[in-house]
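*Asks:* Please read through the structure below; I'll follow up with questions.
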Amino acid sequence: MEKSSSMKQWKKGPARGKGGPQNALCQYRGVRQRTWGKWVAEIREPKKRARLWLGSFATAEEAAMAYDEAALKLYGHDAYLNLPHLQRNTRPSLSNSQRFKWVPSRKFISMFPSCGMLNVNAQPSVHIIQQRLEELKKTGLLSQSYSSSSSSTESKTNTSFLDEKTSKGETDNMFEGGDQKKPEIDLTEFLQQLGILKDENEAEPSEVAECHSPPPWNEQEETGSPFRTENFSWDTLIEMPRSETTTMQFDSSNFGSYDFEDDVSFPSIWDYYGSLD
């Protein structure tokens with residue numbers, strides 16, 4: 001009795017003891033849980049034993065909705081649905097293949113005027129184009145159009161050539177003007193302007209001043225002192241007359257005799273006061 005009751009409970013559900021932990025509690029048709037927790041959905045084709053794989057999902061509700069969409073496509077509105085209340089509110093969505101298979105018919109194209117529209121069915125052949133060109137040559141329109149186009153192209157090329165010439169001339173003038181404005185400078189002058197080298201004209205007066213400056217006393221003694229032994233002759237001094245020698249001598253009578261042993265004494269301050277009285 002227990003076996004029969006247990007079988008009735010799992011009549012339409014997934015296989016007992018297989019799949020994930022919540023597989024036994026799932027009541028959705030075509031939905032089961034993997035051992036690692038993912039939910040998968042499958043559906044059986046009508047009048048066939050084969051199953052169609054619908055994919056794996058994070059929740060059981062998503063897998064049930066995928067099963068319902070597949071059932072509506074395969075069995076129509078009479079199909080068994082896991083979530084019928086959701087399918088009634090929403091229309092059956094069209095697949096991507098059905099959305100982009102629409103092609104306009106000839107009747108739809110004929111509704112639009114031909115002027116200003118691209119004729120899809122027009123496929124001109126090379127023979128028709130050659131005939132049209134020959135007709136234009138005979139009438140002379142083609143030669144006129146060719147001459148006008150050639151003249152326009154020549155004028156464009158001439159104007160472009162002149163523009164290039166003028167631009168080149170302007171650039172050359174700019175370079176020439178730049179050369180005239182900036183003359184060449186000697187290297188020595190450039191270094192003198194920077195202050196690295198000194199001017200020769202400035203150096204000459206300093207050299208002249210150095211030449212005219214009196215030499216130091218050591219050089220005077222060595223070169224041209226009046227009492228140098230080489231320039232002074234003792235013979236001329238001996239030959240000089242006595243009168244000249246006496247004039248050269250100092251008059252000792254004018255100076256008082258001074259003895260180093262004498263005591264130098266100054267007048268007292270009382271003598272100064274007595275002279276004032």
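Backbone N, Cα and C define each Cβ position, glycine as well.
According to Swiss-Prot, the protein has these features:
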REGION    1-24  region 'Disordered'
DNA_BIND  27-84  DNA-binding region
REGION    144-180  region 'Disordered'
COMPBIAS  144-160  compositional bias 'Low complexity'
COMPBIAS  162-171  compositional bias 'Basic and acidic residues'
REGION    203-231  region 'Disordered'
*Asks:* With DSSP helix as H/G/I and strand as E/B, how many residues of the DNA-binding region (27-84) fall in helix, strand and coil?
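*Replies:* Taking each residue of the DNA-binding region (27-84) in turn, the totals are 20 helix, 16 strand, 22 coil.
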*Asks:* Tell me, roughly as an integer, the mean pLDDT over the DNA-binding region (27-84).
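*Replies:* Averaged over the DNA-binding region (27-84), per-residue pLDDT gives 88.
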